[in-house]
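What Swiss-Prot says about this protein:
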BINDING   CYS15, CYS18, CYS37, CYS40  Zn(2+) binding site
BINDING   PRO120, THR121, GLY122, SER123, GLY124, LYS125, THR126, LEU127  ATP binding site
DOMAIN    2-56  domain 'ClpX-type ZB'
Amino acid sequence: MTDKRKDGSGKLLYCSFCGKSQHEVRKLIAGPSVYICDECVDLCNDIIREEIKEVAPHRERSALPTPHEIRTHLDDYVIGQEQAKKVLALAVYNHYKRLRNGDTSNGVELGKSNILLIGPTGSGKTLLAETLARLLDVPFTMADATTLTEAGYVGEDVENIIQKLLQKCDYDVQKAQRGIVYIDEIDKISRKSDNPSITRDVSGEGVQQALLKLIEGTVAAVPPQGGRKHPQQEFLQVDTSKILFICGGAFAGLDKVIANRVETGSGIGFGATVKAKSDKASEGELLSQVEPEDLIKFGLIPEFIGRLPVVATLNELSEEALIQILKEPKNALTKQYQALFNLEGVDLEFRDEALDAIARKAMARKTGARGLRSIVEAALLDTMYDLPSMEDVEKVVIDESVIAGQSKPLLIYGKPEAQASGE
């Protein structure tokens with residue numbers, strides 16, 4: 001089809017659908033003996049979009065993945081953390097099964113099971129939540145608990161979390177109510193003492209109190225443009241009882257709280273049992289024994305813990321696990337950089353000793369998997385900067401010395417006589 005203002009005879013043209021002339025519209029598109037204006041095209045698009053929205057609920061009734069299928073999908077993207085993946089797969093399956101059956105089964109009301117992820121930084125908490133949302137094709141948003149404050153104080157309202165979720169699905173309330181919200185750094189809103197405070201803690205216990213109803217399930221009134229700045233606009237009513245909340249945090253020091261409980265034997269005085277250092281459990285083993293009382297001592301209020309009945313603990317990643325993360329997942333870091341280099345027509349090779357060196361460096365930094373990208377980026381920075389301006393480079397090889405900063409990557413050229421290193 002072509003865009004026309006006048007036909008060959010010089011006659012004024014009109015839209016065949018609405019009858020407007022070419023001077024009343026921006027564009028007039030010509031077909032065989034008919035014309036359609038841009039306004040009618042927009043109207044057709046709106047009609048189609050409305051029909052898609054009506055069909056969408058039927059598509060959502062497609063088969064829900066089983067816990068085994070969810071776990072298998074997580075295995076494709078997340079290395080290790082087997083117990084956490086099992087717990088998450090079952091919790092997510094039960095949550096969406098509950099939604100599909102209208103919150104009831106044979107007259108029994110099914111409760112909501114939000115999830116608490118406990119594990120060191122870089123252990124995969126955020127990645128697990130993102131991967132679940134991608135598998136289930138539901139809206140997903142992340143929030144940082146450290147930026148939240150009680151209503152009326154400077155900072156983000158907890159309702160802003162729901163507003164972000166609505167943004168992810170173009171303010172489609174029905175879609176948002178099937179979404180997943182991941183609240184990171186949840187350990188940072190612990191109260192400063194496990195005793196109730198006489199002073200107001202607006203970013204600690206106050207935020208926990210504000211999150212209670214949101215996480216448990218309430219009808220949140222959310223303005224489409226967010227915040228408290230537009231009091232006159234119409235509010236959207238979002239039922240948060242259908243939204244799955246996953247809270248995650250490193251909980252540094254929680255292992256010591258658990259150790260004080262589990263490693264002190266029975267008895268007092270001369271009858272007390274004192275465990276030797278060799279008998280003491282590792283941090284991962286201790287975290288797997290977490291109880292609600294430990295979280296209360298850490299600084300979470302009992303009511304908040306009660307809203308997060310499913311607890312999954314993640315272990316600190318070993319050097320071997322970091323090497324696997326570098327090369328095995330579908331979106332492994334080495335595969336991502338190889339794809340980037342392929343766009344330049346260049347192959348990228350990571351030798352095994354280079355992967356070992358990257359993992360060792362990340363372990364030394366204590367940043368877990370999150371630190372891997374910065375190490376690889378630093379090693380490849382100069383090469384990626386120069387490569388678009390270079391010719392005849394066929395391959396780039398990364399070895400241990402490159403990661404250690406002792407040499408530049410090996411560049412292999414198409415012409416054997418031009419082979420050079422570190423140019």
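Yeah, the Cβs are placed from backbone N, Cα and C, and that goes for glycine too.
Shown here: features listed in Swiss-Prot, placed on the structure.
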residue: CYS18; record: Zn(2+) binding site; Cβ within 10 Å: 13
residue: CYS37; record: Zn(2+) binding site; Cβ within 10 Å: 24
residue: CYS40; record: Zn(2+) binding site; Cβ within 10 Å: 18
residue: PRO120; record: ATP binding site; Cβ within 10 Å: 21
residue: THR121; record: ATP binding site; Cβ within 10 Å: 16
residue: GLY122; record: ATP binding site; Cβ within 10 Å: 23
residue: SER123; record: ATP binding site; Cβ within 10 Å: 27
residue: GLY124; record: ATP binding site; Cβ within 10 Å: 28
residue: LYS125; record: ATP binding site; Cβ within 10 Å: 25
residue: THR126; record: ATP binding site; Cβ within 10 Å: 16
Roughly how many Å separate the Cα of GLY122 (ATP binding site) from that of CYS40 (Zn(2+) binding site), to the nearest whole number?
52
On the three-state reduction of DSSP, what should I expect for SER123 (ATP binding site)?
coil
Taking the recorded Zn(2+) site as CYS15, CYS18, CYS37, CYS40, identify the other residues of that chain whose CB atom sits within 8 Å of the mean position of the site's CB atoms, giving them in sequence order.
SER16, PHE17, GLY19, LYS20, VAL25, LEU28, TYR35, ILE36, ASP38, GLU39, VAL41
Name the secondary structure element type, per DSSP in three states, that contains CYS37 (Zn(2+) binding site).
strand
Along the domain 'ClpX-type ZB' (2-56), what average pLDDT does this model show?
79
Given the ATP site residues PRO120, THR121, GLY122, SER123, GLY124, LYS125, THR126, LEU127, which other residues of that chain have a Cβ within 8 Å of the mean position of their Cβ atoms, reported in sequence order?
GLY119, GLY248, LEU314, GLY368, ALA369, ARG370
For the C-alpha pair, I'd like the distance in angstrom between PRO120 (ATP binding site) and CYS40 (Zn(2+) binding site), rounded off.
56
Using the alpha carbons only, what distance in Å do you get between LYS125 (ATP binding site) and CYS40 (Zn(2+) binding site) once rounded?
48
